[in-house]
Amino acid sequence: MNGTEGPYFYVPMVNTTGIVRSPYEYPQYYLVSPAAYACLGAYMFFLILVGFPVNFLTLYVTIEHKKLRTPLNYILLNLAVADLFMVFGGFTTTIYTSMHGYFVLGRLGCNLEGYFATLGGEIGLWSLVVLAVERWLVVCKPISNFRFTENHAIMGLVFTWIMANACAAPPLLGWSRYIPEGMQCSCGVDYYTRAEGFNNESFVIYMFICHFCIPLVVVFFCYGRLLCAVKEAAAAQQESETTQRAEREVTRMVVILVIGFLVCWTPYASVAWYIFSNQGSEFGPLFMTIPAFFAKSSSIYNPMIYICMNKQFRHCMITTLCCGKNPFEEEEGASTTASKTEASSVSSSSVSPA
């Protein structure tokens, strides 16, 4: 094994020189330089500096503007709540631990940080799945006369929390475990060892299939069908400039959605699976640290993609920030009107993500 396994930790360095110490008790500067921990803390500070305001603003603007309190926006709010879980449950903790160079909060802190970071990420992930399914049902109409109601939205919210806890809670209950990973300043699921009594192998397989592959297939299917529906509508109304513009906008939205999903989650899932499949192989502390925190940066990607592309929300957000006035009101109003015209040619609901 090209690492050192101890009680509830795995350090990616062979202890031939005797310098490896518990990441709960000693600084891990033998893994990377103190400057690397400073960079990690600075990156977490950046994510908090951007992620907290944009997600908090999402909640505040939706509460303030009644017209935004639609069933679909319940899911978008759930996405913002998930991102705030990651900000407060993961990023703030990592700033503190990176300042010390090790996971100074101990085993209990590791369990809490791992749980809340995983929970936030999974709520966000399954919220994206619910959004994709909603768009497919409303725009493509596989079920005739389907209308996304408040009850459907509530069911979607419950579903996201059930699925998120189905992934985040088992390591607290003995099926796998949370341990410090990478630079040993944040905690995640144990992909690294086959420690007796934790059944890490079965949990990692379950997590990879049910909490990565299946969501990926669903998102690709739903947005692929959505794109086909828009193309068909545009082909049937080739003389309509607004319909052609709708096709381009939705195409761009779908591309960004899929890329955002892949950029956030594929590196982390791929590296985790590689480590799991090649246990004992040599890898450095940055090998898992970089993709792990790249996935957590979805707290910034999500609101930018799913909310800031919503013209109506953008108008309300500007109005809130500018004390009740929108200096771009004419432009935003014309854009919103055009959006509604475009959307009506494809479905009785909207094509845009809200």
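Cβ coordinates come from backbone N, Cα and C, glycine included.
Note that the structure is a prediction, hence the values are computed from the model and not measured.
Residues or ranges marked as compositional bias 'Low complexity' in Swiss-Prot: 334-354. According to Swiss-Prot, the feature disulfide bond maps to Cys110-Cys187. If you look up Swiss-Prot, you'll see Asn2, Asn15 marked as N-linked glycosylation site, on the strength of sequence analysis. Residues or ranges marked as topological domain 'Extracellular' in Swiss-Prot (evidence: a curator's inference): 1-36, 97-110, 174-202, 275-286. Under the heading topological domain 'Cytoplasmic', Swiss-Prot lists 62-73, 134-152, 225-252, 309-354, citing a curator's inference as support. The transmembrane segment feature in Swiss-Prot is assigned to 37-61, 74-96, 111-133, 153-173, 203-224, 253-274, 287-308; the stated evidence is similarity to another entry.
Here the features listed in Swiss-Prot are placed on the structure.
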residue	record	CB count, 10 Å
Asn2	N-linked glycosylation site	11
Asn15	N-linked glycosylation site	13
Cys110	disulfide bond	26
Cys187	disulfide bond	33
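Contact count against the transmembrane segment (253-274) (Cβ pairs under 8 Å) is highest for 287-308, out of 37-61, 74-96, 153-173, 203-224, 287-308. Contacts between the transmembrane segment (37-61) and the transmembrane segment (111-133): absent, as fewer than 3 C-beta pairs lie under 8 angstroms at sequence separation of six or more. Same-chain residues lying 6+ beyond the ends of the transmembrane segment (153-173) with a Cβ under 8 Å from its Cβ atoms: 71-72, 74-75, 78, 82, 111, 114-116, 118-119, 122-123, 125-127, 129-130, 134, 189-190, 203, 207, 210-211. Counting only same-chain residues 6+ beyond the ends of the topological domain 'Extracellular' (275-286), those with a CB under 8 A from a CB of the stretch are 1-2, 12-13, 28, 31-32, 36, 182-184, 191-194, 200-201, 204.
Asn2 (N-linked glycosylation site) is 20 Å away from Cys187 (disulfide bond) when you measure Cα to Cα. If you look at the transmembrane segment (203-224), the same-chain residues 6 or more away from its ends with a CB under 8 A from one of its CBs are 122, 125-126, 128-129, 132-133, 135-136, 163, 166-167, 170-171, 175-176, 189, 191, 254, 257-258, 261, 265, 269, 272-273, 276.
Asn2 (N-linked glycosylation site) falls outside any helix or strand according to DSSP and counts as coil.
DSSP assigns Cys187 (disulfide bond) to a strand in the three-state reduction. Packing against the topological domain 'Extracellular' (1-36) from elsewhere in the chain are residues 100-104, 106-107, 110, 177, 179-185, 190, 192-193, 195, 279-288: each is 6 or more residues past its ends and has a CB under 8 Å from a CB in it.
Asn15 (N-linked glycosylation site) sits 9 Å from Asn2 (N-linked glycosylation site), taking the CA atoms of both as reference points. Geometry remark: Cys110 (disulfide bond) versus Asn2 (N-linked glycosylation site), CA distance 23 Å.
For the topological domain 'Extracellular' (174-202), the list of distant contacts is 3, 5, 8-12, 23-24, 28, 31-32, 36-37, 40, 90, 93-94, 97-98, 101-103, 110-111, 113-115, 117-118, 272-273, 275-276, 279, 285-290, 292-293: same-chain residues at least six beyond its ends, Cβ to Cβ under 8 Å.
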